[in-house]
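Novice: My questions all concern the structure below.
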Amino acid sequence: HHLTANTQSIPHFSTTLNAGSSARKRRSLYLRWGKGSNKIIACVGEGATSVPYQSAEKNDSLYSSTLVKREFPPGFWKDDLIDSLTSSHKVAASDEKRIETLISEIKNMFRCMGYGETNPSAYDTAWVARIPALDGSDNPHFPETVEWILQNQLKDGSWGEGFYFLAYDRILATLACIITLTLWRTGETQVHKGIEFFRTQAGKMEDEADSHRPSGFEIVFPAMLKEAKILGLDLPYDLPFLKQIIEKREAKLKRIPTDVLYALPTTLLYSLEGLQEIVDWQKIMKLQSKDGSFLSSPASTAAVFMRTGNKKCLDFLNFVLKKFGNHVPCHYPLDLFERLWAVDTVERLGIDRHFKEEIKDALDYVYSHWDERGIGWARENPVPDIDDTAMGLRILRLHGYNVSSDVLKTFRDENGEFFCFLGQTQRGVTDMLNVNRCSHVSFPGETIMEEAKLCTERYLRNALENVDAFDKWAFKKNIRGEVEYALKYTWHKSMPRLEARSYIENYGPNDAWLGKTVYRMPYISNEKYLELAKLDFNKLQSIHQTELQDLRRWWKSSGFSKLNFTRERVTEIYFSSASFMFEPEFSKCREVYTKASIFTLIFDDLYDAHGSLDDLKLFSEAVKRWDLSLLERMPQEMKICFLGFYNTFNEIAEEVHKRQGRDMLGHIQNVWEILLAAYTKEAEWSKTKYVPSFDEYIENASVSITLGTIVLISTLFIGEVLTDHVLSKINHGSRFLHLMGLTGRLVNDTKTYQAERGQGEEASAIQCYMKDHPEISEEEALNHVYNVMENALQELNKEFVNNKEVPPNCRRLVFNTARIMQLFYMQGDGLTLSHDMEIKDHVKTCLFIPIA
């Protein structure tokens, strides 16, 4: 109903009088126009109070005498658009069943995780197939591997991963297979086809970027080429490009100090089959892994076994073949890699809530093998890499495990640069991206994280400028899109629903990695993850659309659309809650979060647009006393605000009582009283042109930013009964809530202080700091505020991770409320000017546009 002159139909409010008492009687409160008079009648039950009202048509000074009308951009989202969101996007019953099936199948994937699922490596299988029978007969010890080679040649005559064509990979695998078949004098047809493939395709390697080159290629390929020549295989040995590769190998071998090869484990252990002429086999055995392998490489381990007859090498190969049957992968195990990347994948796709137990089991496993020097792709891998280590550090830390950022020092050189392996200069886009993502989850004083952030940002931005940039370690569907998102929406600006939407579009179910050969990880990249992510996203979006429609109807029926002094931002505000508390079970939490946020916005505009401090103090007193009798003395617009507020929070208080098992209206009143006191103080500052000190300003402004008010009410709906002790850990006196308010206030001020100064508002973090330090410039003050904010965000990280006295969902609510402010004020005032900023695009993708 609309509040319009000369009509009987006016906003109707259902209210509770004396809601704090045990009686909790429900009565009807509403406004109506008195017939033939300029009075509004507030009716409570059978009684009514007449309040004089001057029509705006008869008195143009309505706003000048009470409220100063401020010009705001109109709401961007029109009713017809919101109303058009129909059930056509709702998940059908068949899709609900499919979701259940996919969840069950993915749970089973996690339960089946052992040492790592991966595809065959023709290259490594060829090396294992070379091993002669231990009884001295002229037969292979693993004849099943020879048979696998014979049966798995591709149609073009090559061997290798069939889904991806990489000339380096195919040529390497094909050369290994034709040598093995020649050694066993079998597969003449296959050898002939393989040689033909080599002759016609070898030149393509020259056209591929160096970053496409498999790990250790320049070591193992020339060595095998030399062996092929001895065997008399008809290959184009005189190709200039092949000669260049041989020269690179010779140059690299000269750079390898002999003492380094045997002093400590390095990635050279991964390619010992290509170093046979220089290896001291007795010395190299000191670097054998506990599982009997050499850096988890079947090819390297097979070469060592053929040279030494070491039983542990053979045990490892038997172990791998027992798992895979008649072939081997390019490295194994991959247990840490598989678990970390699977967890990261379901989290980024936004489906992790379905797999909480499975994720905990996976991370418990990783943590049990965590090493302060870093980790590799397998639990007993002696050579840690920055990719697995950074991924582990970030995920384990965010899940509450005690891990130190000092682990990254293993991978930093004397120039402050970060590399994938200790003592090497190799790095790729995906490993630097993982280090960058990790660096944002920093705690105060962790300089190594800041160094990692600067180094990786520089590297990744340079990679984006290079059109031909290709990742060293992975074949990703859209690695460029992943990097662009990560650099633009860093950890404190990336909301879960937005990241899920982006990653669903960038995720490749057929993504592969590049080690010594191309390999795939089916428990990391598969169609099931993607299908579930799409269905789940659309299901949640449908729920959110219905909730948004209800909230907009509430806004209109409450009469707020007639308040000309405030902003209508129902859709943007609802988006702010749905972007992180998106699960179905938090529906009421989202509703309360949105309604509380709307009232803070109305009150903010009310107190900013004041004409009389007495009116504002009256309003604050009415909230404090929860007293309807003060309605008579309020201006008309203030009356609508108070009645809508009064009734809404009486209803909320009743729902809180059901959920928390006690009457908490007093708690709710107190939360609002604290906020309105902060508003009043700011109004007094504004009217007197007072500029407080920086500390005085922050003490008040970290409350007036309203985030604490919103959180302290909506946290009562997270599904847990909260004790007074828990509430004390997130009240306005707590460090956690202060940091949330502080970071929110500072990011707001950095983007709005100039515009507000133009409107006569003198107090901001920047202006107050300049008052304390008159010798500095505005730019210096702004930089100081940014530094304070960044330090506070690091403290907030630590509170979020380590404050175990606060339930996880409470922590999540506080932390993500701080993050949503960083997103909204990324470009400017994203709430007031949302129609001109990317916020409107985020709203569309999160709430309106389903995923096909």
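Backbone N, Cα and C define each Cβ position, glycine as well.
The annotation transit peptide is assigned in Swiss-Prot to 1-53 on the grounds of sequence analysis. The annotation substrate binding site is assigned in Swiss-Prot to LYS252, LYS472 on the grounds of similarity to another entry. Positions annotated as Mg(2+) 4 binding site by Swiss-Prot, on the basis of similarity to another entry: ASP385, ASP387. Here Swiss-Prot flags 385-388 as motif 'DXDD motif'. What Swiss-Prot lists as Mg(2+) 2 binding site is ASP604, ASP608. If you look up Swiss-Prot, you'll see ASP604, ASP608 marked as Mg(2+) 1 binding site. The annotation motif 'DDXXD motif' is assigned in Swiss-Prot to 604-608 on the grounds of a curator's inference. Per Swiss-Prot, the feature Mg(2+) 3 binding site maps to ASN748, THR752, GLU756.
A description of the local structural setting of each listed feature is requested, covering burial, neighbours and distances.
Specialist: Here LYS252 (substrate binding site) comes close to GLU218, ILE219: these same-chain residues lie at least six apart in sequence, with C-beta atoms under 8 angstroms from its C-beta. Mapped onto three states, the DSSP output places LYS252 (substrate binding site) in helix.
According to DSSP, ASP387 (Mg(2+) 4 binding site) sits within a helical segment. On its own chain, ASP387 (Mg(2+) 4 binding site) has CYS420, THR430, ASP431, ASN434, TRP473 as residues at least 6 apart in sequence with a Cβ closer than 8 Å to its own Cβ.
Each residue in the motif 'DXDD motif' (385-388) has a pLDDT score, and their mean in this model is 97.
DSSP classifies ASP608 (Mg(2+) 2 binding site) as helix under the three-state reduction.
Taking the Cβ of ASP604 (Mg(2+) 2 binding site) as reference, residues of its chain lying under 8 Å away and at least six apart in sequence are, in sequence order, TYR679, SER704, THR706.
DSSP assigns THR752 (Mg(2+) 3 binding site) to a helix in the three-state reduction.
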Novice: Six or more residues out from either end of the motif 'DXDD motif' (385-388), which same-chain residues have a Cβ under 8 Å from its Cβ atoms?
Specialist: 336-337, 340, 374-377, 408, 410-411, 418-421, 427, 430-431, 434-435, 473
Novice: For the recorded Mg(2+) 3 site, enumerate neighbouring residues of the same chain (Cβ within 8 Å of the Cβ centroid of ASN748, THR752, GLU756, site residues themselves excluded), in sequence order.
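Specialist: My list of surrounding residues reads ASP749, LYS751, TYR753, ALA755, GLU761, SER764, ASP829.
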Novice: Let me know how many other Cβ atoms fall within 10 Å of the Cβ of GLU756 (Mg(2+) 3 binding site).
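Specialist: Excluding its own Cβ, GLU756 (Mg(2+) 3 binding site) sees 18 Cβ atoms within 10 Å.
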Novice: When the Cα-Cα distance from ASP385 (Mg(2+) 4 binding site) is computed for each of the binding-site residues ASP608, ASN748, THR752, GLU756, which gives the smallest value?
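Specialist: That would be ASN748, nearest by Cα distance.
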Novice: Same chain only, sequence gap of 6 or more: which residues have a CB within under 8 Å of the CB of ASN748 (Mg(2+) 3 binding site)?
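Specialist: Result: ILE705, MET821, TYR825, ASP829.
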Novice: Within 10 Å of each Cβ, count the other Cβ atoms, then let me know which of the binding-site residues ASP385, ASP608 comes out lowest.
Specialist: ASP608
Novice: Including all protein chains shown, what's the count of other C-beta atoms within 10 A of the C-beta of THR752 (Mg(2+) 3 binding site)?
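Specialist: Around THR752 (Mg(2+) 3 binding site), other Cβ atoms within 10 Å: 19.
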Novice: Could you round the CA separation between ASP608 (Mg(2+) 2 binding site) and GLU756 (Mg(2+) 3 binding site) to a whole angstrom and send it over?
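Specialist: With the alpha carbons as reference points, the distance is 11 Å.
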